[in-house]
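Report on one structure; see the data block that follows.
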Amino acid sequence: MTELIDGKALAQKMQQELAAKVNNLKQKKGIVPGLAVILVGDDPASQVYVRNKERAALTVGFKSETVRLSEFICQEELIAVIERYNADNTIHGILVQLPLPNHINDKKIILAIDPKKDVDGFHPMNTGHLWSGRPLMVPCTPSGIMELLREYNVNLEGKHAVIIGRSNIVGKPMAQLLLDKNATVTLTHSRTRQLEEVCRCADVLIVAIGQGHFITKQYIKDGAIVIDVGMNRDDNGKLIGDVAFDEVAEVAAKITPVPGGVGPMTIAMLLEQTYQSALRSTHK
C-alpha cells in the first residue's frame, strides 16, 4: 500500500518546535528573528504566497515585515529597499518574491541581498557554499524535500534519483543535496530524450516542471518514491500537481500529495533558515 508523505503534518511539527526555540532565543538573548518580504506588483499567486509566509512567521513568533511595491517601481528604488533591510539589525532574513516585472533584472536584485540574510538561498555566494559541500543558506523547496525524505526514512545512499526540471530554485540545488547523500543523480529537462524511459529507472523521482498531471504511472517503476513539486490549476481552478496522483499512487511506494506535500515544507524551511540567521547574529 502506498504511503502518503504528509508535508503539512511535518511542517506543523517543525513550526511548533521552532516557536519554542524562538521563545528561548528571545528570553536568553533578547533577539526576535525578523523576516522582511518584498512583493513587487499584484500578481495573485505571489500575493497568496506572501500572505502564507507572513502568517507563518507571526505564528512562530517572528517579527514580520511585508513591503508591497508598485509593479512600476524602478530597479534602483527596489535595491534601495533591500539595502535598507541589509543594514537593519532587527531583520535576519530578506526575501524578494519572484517573479519580478520584466523591466527588473532579478539577478541584480538577488545580488543586492546580503548573503547572510538571503534566506531563499539564491545569492551566488550561497550557491557556491552549496556546491562546495558547505551549505549555509539553501533554497527552501529542495531543503524541505530533504527533510521529508529524512522524516520518512528514505535512505538515499546508492539510490538512483531522477529530477525533472533544472531550475536554479529546485532542480540544480536538489541535485547537489542528493549527491551529498550519495545518491546517483540524473537531472532531466525539456530537451531530455526518452524521458519516460529515464524516469522508469528512478528509485526516487522528483518532479518540478509546472505541467498539471504530466507524469502518469507509465513513468514510474513499482516501488518508487515520488515527490511532486508542481502547483498548477486545472480548468475548475483546483490546485493540482505535476503528477497524476491517483494513478501514480497505484505503483509508487511513497508519494507527496498536492496540496499538503512539498508546499508547506518550503515555508517551514524559510522560517528555519531565518531563525538560524538570527542565531548566527548572536555569535558576532
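Every residue number used here counts from 1 along the chain in the order it is shown.
Glycine residues also receive a Cβ, built from the backbone N, Cα and C atoms like all the rest.
What Swiss-Prot records for Gly165, Arg166, Ser167, Ser190 is NADP(+) binding site. Arg166 (NADP(+) binding site) is surrounded by 18 other CB atoms, counting those within 10 A of its CB over all protein chains shown.
In this structure the residues listed as binding NADP(+) are Gly165, Arg166, Ser167, Ser190; their two most distant Cα atoms lie 11 Å apart. Taking Cβ-Cβ distances under 8 Å and a sequence gap of 6 or more within the same chain, the neighbours of Gly165 (NADP(+) binding site) are Gly171, Thr188, His189, Val207, Ala208, Ile209, Gly210, Val229.
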